[in-house]
Protein chains: 2
Amino acid sequence: MPPKRNRDSKEDSVKVKNDTNTKIKSKTTSNKRSKSNHHEEHKDHEEPNAKRVKRVAKPLLNKIDTDLNEINFDCSKLNAIGNKYNLKISSWNVSGIRAVIKKNGMEYILKEDADIVALQETKCDKNKLPEEVKLKGYHYYFFESKKRGYSGVALYTKEKPINIKYGLDNAEFDNEGRLITAEYPNFYLLNAYVPNAGQKLVTLPKRLKWNEVFKDYVKGLDKKKPVIICGDLNVAHQEIDLKNPKTNTKNAGFTKEEREGMTDFLDAGFVDTFRALYPDKADAYTFWSYFANARSKNIGWRLDYFLISKRIKDNVCDNIIRNAIYGSDHCPIVLYINI
Amino acid sequence: MPPKRNRDSKEDSVKVKNDTNTKIKSKTTSNKRSKSNHHEEHKDHEEPNAKRVKRVAKPLLNKIDTDLNEINFDCSKLNAIGNKYNLKISSWNVSGIRAVIKKNGMEYILKEDADIVALQETKCDKNKLPEEVKLKGYHYYFFESKKRGYSGVALYTKEKPINIKYGLDNAEFDNEGRLITAEYPNFYLLNAYVPNAGQKLVTLPKRLKWNEVFKDYVKGLDKKKPVIICGDLNVAHQEIDLKNPKTNTKNAGFTKEEREGMTDFLDAGFVDTFRALYPDKADAYTFWSYFANARSKNIGWRLDYFLISKRIKDNVCDNIIRNAIYGSDHCPIVLYINI
DNA sequence: CGTTGAAGG
DNA sequence: CCTTAAACG
């Protein structure tokens, strides 16, 4: 996708965006795929026979809709090499895309205007996707779980990737709509929804299996091109990454095994961009339980990450947690990078 | 309950209501019961540890809330003997009492101010009943299904009955919260939710079994005192009782067997009060499928009835279908009687 | 607590 | 279409 865009001024950005749209439009003609449990959709081909989702006048969760105009969606920071970002990636565990749509969550996505948008826990069969998922200017790819209403990831991208891969060639995990890999000219983008270890850690073994399979898969890609992983990794890595580390050591997302899994992964040559930028920043969370009004008290967890190949770590301009965005129990995260 | 009340003027009626409230309050002290799947509750004893149901700003179904002030809840008609009513009974299949509460349905019940209120399909365990079910001035009795979220009936009564009976001594049906019998000094009041014959009539046999068991049960009561049955009887008796009789002869609620069951029951000495009052009134329905906006087109069924012992038929002043009341796929029905 | 599909209507 | 509980988070 980059380096075709110049983001040194807002005006340019808008102009380039229009160019991009036009370009994408002219490029997207046929080659629709319709295999087992993944789905590629396009504004140029096919109207899904999806029902229209009824709008309800309900605030985004426990807050009246945040005024999106008060948020700065741009980033003026330069990376370690001195460059402004030319690629913006947004990642959001929506916990049900249809619910988020009803809560006007797509408005956030449009306002963010990222080049790549990665959604997790879409929880929606492709034939039930409402009209609202069709965002103008994006190619979009949905990978659903065989188990309806469970898991599922989606990828929106302004530039059409060289290739899209659903899953990681593992029968168990690929039934659950947990990973989309998009290949671009000079990097891989991975949108991941990592298995939850479950109540009383009943699925911790499955989770640890994922850690192994996923690490092997990513290491393979990383040999070819740098990798950008984003998504809900379902682990708070260090004590700083959740409000109550002491009382959660036996709970899903903060067990020794899950934390070691993350350490192990990073040791294989990857960087947690947020923590690299803000090593001591506490109270920076991306998830809050719906229980007990945790979000209003900021009793949260940092479960959503950008992990990138070490060799592109100096390309990062910033990594923002959009904690003013409601509509899910996770908030979006945004990576600004020049690549 | 009657004959203690004089309803010849609105002013009197209001005054007497206050008297009644006071009287009931002074009468209600102890004798709470707490057996298997039924439940008696009281304003004087016990606060149920029920969660408060969140209010949502949603119109009653597909209509903005009906202005209850435009409805005449009184009745000036005299019965065949020349008397004004001294007893008002309201019956309503709420299709989920918690949903109806969220839609402000209890406001209707309060405004109707019936002496007896019979609800069907409450679909709520007693321990999940929200605060709003506690209506001031009423004794209330809930009979739930063992299968959670299914069936269930409730009875509200200003005057405390001599006796309350849950079910009809039949193991199968009494697990399903379908019948409450209240004994008053000079009549029995039965609140019934008759089994649905099901999609493709899969439960028609069960339904026909109910017809037999129920008829025997009622005939037993009728030997002692006159009987007033109300509720969702899940049958449209004659062609006039549904919009599309021709196309529904094989569907639950209008099969030959169900219709004959009703005829058979009436032949045992009971009167369908609405049809007795309005023998030729078409388009008078109490239920409309949620599908295809049936209610706005009045494509409905008359499934809710008052059936009374023939010997008190001349006591009836009127029977009204409150088709302006939304919040369920059924609307309430009201009986004005002097007894 | 909130989202989803399933059963029931 | 609409309500509910179950599974999952």
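From the backbone N, Cα and C atoms, a Cβ is placed for every residue, glycine too.
Source: prediction; values computed, not measured.
What TrEMBL lists as active site is B:Tyr193. Sequence annotations record features per position, and here TrEMBL assigns active site, proton donor/acceptor to B:Asp232. Residues or ranges marked as active site, proton acceptor in TrEMBL: B:His330. Sequence annotations record features per position, and here TrEMBL assigns Mg(2+) binding site to B:Asn93, B:Glu121, B:Asp232, B:Asn234, B:Asp329, B:His330. Positions annotated as compositional bias 'Basic and acidic residues' by TrEMBL: B:1-22, B:37-50. The compositional bias 'Basic residues' feature in TrEMBL is assigned to B:24-36. Annotation source TrEMBL lists domain 'Endonuclease/exonuclease/phosphatase' at B:91-330. Taken from TrEMBL, the feature region 'Disordered' applies to B:1-52. Sequence annotations record features per position, and here TrEMBL assigns site 'Transition state stabilizer' to B:Asn234. According to TrEMBL, the feature site 'Important for catalytic activity' maps to B:Asp304. What TrEMBL records for B:His330 is site 'Interaction with DNA substrate'.
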- Message: I need the CA-to-CA distance for B:Asn93 (Mg(2+) binding site) versus the residue listed as 'active site, proton acceptor', whole Å please.
- Response: 6
- Cα-to-Cα gap, B:Glu121 (Mg(2+) binding site) vs the residue listed as 'active site', nearest whole Å: 7
- Item | Candidates B:Tyr193, B:Asp232, B:Asp304, namely the recorded positions, that fall within 10 Å of B:Asp329 (Mg(2+) binding site) by Cα distance | none
- Item | Pairwise Cα distance for B:Tyr193 (active site)/B:Asp232 (active site, proton donor/acceptor) [Å, integer] | 5
- Quick one: which residues besides B:Asn93, B:Glu121, B:Asp232, B:Asn234, B:Asp329, B:His330 have a Cβ within 8 Å of the Mg(2+) site's Cβ centroid, in sequence order? B:Val94, B:Ser95, B:Gln120, B:Tyr193, B:Thr286, B:Phe287, B:Leu303, B:Asp304, B:Ser328
- Task: May I ask for the distance between B:Asp304 (site 'Important for catalytic activity') and the residue listed as 'active site, proton acceptor', taken between their Cα atoms and rounded to an integer number of Å?
- Result: 8
- Separation of alpha carbons, the residue listed as 'active site, proton acceptor' and the residue listed as 'active site, proton donor/acceptor' (Å): 9
- Item | Largest tally of Cβ atoms lying within 10 Å of a Cβ, found at which of the binding-site residues B:Asn93, B:Asn234 | B:Asn93
- Message: Tell me the Cα distance separating the residue listed as 'active site, proton acceptor' from B:Asn234 (Mg(2+) binding site), rounded to the nearest angstrom.
- Response: 11
- Message: When DSSP is mapped onto helix/strand/coil, what comes out for B:Asp329 (Mg(2+) binding site)?
- Response: coil
- Item | Sparsest-packed among the recorded positions, when each Cβ's other Cβ atoms within 10 Å are tallied, from B:Asp232, B:Asp329 | B:Asp329
- Whole-number mean pLDDT, the domain 'Endonuclease/exonuclease/phosphatase' (B:91-330), equals 97
- Note on the structure: DSSP, reduced to three states, assigns the residue listed as 'active site, proton donor/acceptor' to strand
- Any same-chain residues 6+ apart from the residue listed as 'active site, proton acceptor' with CB under 8 Å of its CB? Would you list them in sequence order, or say none? B:Trp92, B:Asn93, B:Val94, B:Ser95, B:Gln120, B:Asp232, B:Thr286, B:Phe287, B:Leu303, B:Asp304
